[in-house]
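S.K.: Copying in the features that Swiss-Prot gives for the protein in this structure:
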type    : residues            : note
DOMAIN  : 36-272              : domain 'Radical SAM core'
BINDING : Cys50, Cys54, Cys57 : [4Fe-4S] cluster binding site
Amino acid sequence: MIPGTDAYDIAIEISDADIERLLSVMPEDVEAASALSYCRNVFLPLTTACRYTCTYCTYYDPPGQAELMDREEIRETCRRGADAGCTEALFTFGDDPDDRYTAVHDQLAEWGHDSIHEYLREACEIALEEGLLPHANPGDQTREQMAHVADLNASMGVMLETTTEVQAHGGPRAKNPGQRLNTLRVAGELGVPFTTGILVGIGEDWHHRAESLLAIREMHERYGHIQEVIIQPVVENERWQGGSPDLATMRRVTAMARAALPEEVSVQVPPNLAPARDLTDCGIDDLGGVSPVTVDHINPEYEWPALQELTAVAEAAEVPLSERLPVYDHFVDDGWLSAPIEAAIEADNDAGDRFRSILDRGVNPVTL
């Protein structure tokens, strides 16, 4: 049984036979995608406060050091992103900052907000005003928290990471796989197009990798809301010196993801963290969000590739490369979007023209 599922009343039955079948998949068993896509974004770390202290993560700052982005910085970053042709405002923060972060909560109160999710809603409003579509990844969320911001997001996300307990999540506030799965379920119940994924190399074994992918598949089969699954290797940084998975591991687990998931769910590898050129024959069809404006605030030591580098990956694979929105096309076509997001895409302005050009033709009118 997946740890924590009882506490959240999540019934997921994954048979040993299904796991064994998936474990038998190798790269030569899957087909390469016929095209690759990517999304142009700006990365906005709303706060670096987090109740977790994962040993592989450099994103969080301890109490007394964590900060909040102010409204002016959010607006200016979004404006720069729109000028650079970005379509996505990627908002992140550490999972719901706990009571240790007194300065963060005091600042939120001074700005007129009772919670970080209230501030996230205002940040999403700013992004829409500046011509970007919000995609929020605020970690674990309750139904109430997600419902408070879902209508102002084109899509949302949280990494499942793994279905097992690992030492890298250790400590008094360890991540709970059941709680992560509950967030995926809440997104499905609320009809939110959703991004999730697994972390490779944090202490899980092959059984857990297969189980994690099959758990994601089961959630998608119930609600149809998973738009992409990220296969992300853990990478070395100032807090993690435990090594990264080798190429053979990444090729095998990527192929397993492609085999486990239905065709409409994209398989993505982050091109600043994974050897994308060596994984195109393993079933990936997306290269994730990259930014011409901001750094990867979760992995700041690993620079985003330039568009020319993504083009080179596609050319090496002999497939076309196209740009996409932060919500995948079929969710737009099938009526998953909220009224504010639909209005932004249909707007008679530069942002609306940019969104529709990408949606209709995969081409951004703003060149880099």
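Every residue, even glycine, has its Cβ placed from backbone N, Cα and C.
If you look at the structure here, what lies around each of the features I listed?
M.R.: Mapped onto three states, the DSSP output places Cys50 ([4Fe-4S] cluster binding site) in coil. Its Cβ taken as reference, Cys50 ([4Fe-4S] cluster binding site) is surrounded by 23 other Cβ atoms within 10 Å in the chains shown.
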S.K.: I'm checking region-level scores; what's the whole-number mean pLDDT for the domain 'Radical SAM core' (36-272)?
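M.R.: Residues in the domain 'Radical SAM core' (36-272) carry a mean pLDDT of 94 in this prediction.
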S.K.: Using DSSP, would you call Cys57 ([4Fe-4S] cluster binding site) helix, strand or coil?
M.R.: coil
S.K.: When you measure from the Cβ of Cys57 ([4Fe-4S] cluster binding site), which residues in the chain that are at least 6 apart have a Cβ under 8 Å away?
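M.R.: Once residues fewer than 6 apart are set aside, Cys57 ([4Fe-4S] cluster binding site) is near Cys50, Arg239, Trp240, Ile298.
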